[in-house]
Amino acid sequence: MARYADDLSLAHVLADTADSISVARFRALDLHVESKPDLTPVSDADTAVERALRATLARTRPRDAVLGEEYGVTEAAAGPGTRQWVIDPIDGTKNYIRGVPVWATLIALMEGDQPVVGLVSAPALGRRWWAAVGHGAYAGRHTAAATPIKVSGVNRLADASFCYSDLMGWEENGRLGAMLSILRQTWRNRAYGDFYGYMLLAEGALDAMVEPELSLWDVAALVPIVTEAGGSFTDLDGRAGPGGGSAVATNGKLHADLLERLSTPGIEAL
């Protein structure tokens with residue numbers, strides 16, 4: 001892991017910083033929440049985490065660009081085409097503000113359009129997942145207690161544990177019929193949403209996770225973890241990587257079949 005060892009170590013430092021802020025504000029009675037222009041919520045913890053991570057990156061990686069959900073892009077001092085850190089300070093803000101412990105800080109390093117380091121830290125769950133390209137995926141509370149993770153070997157949708165985001169997004173995407181058809185054919189399905197379904201996929205607890213609409217900060221950190229665990233990660237059109245604005249993540253064995261089914265109209269009635 002020599003090529004990205006320092007970057008992965010820094011990602012853990014960033015996650016430690018984020019955890020200290022987000023845990024302290026979780027379920028705080030004075031947590032301040034506002035609505036952004038897109039009507040999604042943002043808390044004072046979201047902005048505090050992102051500011052702290054940006055400050056650390058400005059000090060330790062001044063030549064790298066930074067993209068964050070709350071404050072946009074800070075261009076690289078080295079100019080365009082260089083490395084970029086991508087941050088979602090709290091993925092699962094709706095859970096966070098309601099006191100549900102399923103939320104996480106997502107941290108990725110991208111070279112060009114390729115995420116090469118990904119880390120997901122979910123302190124309220126006591127879990128952290130991370131990966132660097134070419135060196136496997138791991139889970140644990142910290143690097144000293146790391147366990148390699150691997151996707152499942154399930155090779156039929158009828159035997160699959162399938163995860164998805166809420167059905168409203170699929171209706172807006174024009175694929176509700178296809179989604180309902182898939183749900184009828186899977187062994188088990190749950191709508192975990194956000195980062196958690198992807199991490200359960202990487203651990204082999206789930207076999208597929210799909211979402212119809214995502215931003216880069218929602219997904220960049222997830223890609224190397226899923227793929228280094230042996231899975232496949234594309235958009236709905238089958239293009240690999242985090243840039244397509246949607247996600248189809250599987251154990252690899254189900255990927256082609258699932259992509260085909262998602263592109264096939266189904267019957268929308270339950």
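Just so you know, glycine gets a Cβ as well, placed from its N, Cα and C.
Values in this document were obtained by computation on a predicted structure and should not be read as measured data.
For Asp91 (Mg(2+) 1 binding site), the number of other Cβ atoms no farther than 10 Å from its own Cβ, over all displayed protein chains, is 26. In three-state terms derived from DSSP, Asp91 (Mg(2+) 1 binding site) belongs to an extended strand segment. The Mg(2+) 1 binding site annotation in TrEMBL covers Glu69, Asp88, Asp91, Asp218.
Annotation comment: TrEMBL describes Ile90 as Mg(2+) 2 binding site.
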Other same-chain residues whose Cβ falls within 8 Å of the Cβ centroid of Glu69, Asp88, Asp91, Asp218, the recorded Mg(2+) 1 site, in sequence order: Ile87, Pro89, Ile90, Leu106, Ser215, Trp217
Binding-site residues (Glu69, Asp88, Asp218), the one with most neighbouring Cβ atoms at 10 Å: Asp88
Distance from Ile90 (Mg(2+) 2 binding site) back to Asp218 (Mg(2+) 1 binding site), taken between C-alpha atoms, in Å: 10
Neighbourhood of Ile90 (Mg(2+) 2 binding site), C-beta criterion under 8 angstroms, separation at least six: Ser22, Ser43, Ala45, Asp46, Val49, Tyr96, Trp103, Ala104, Thr105
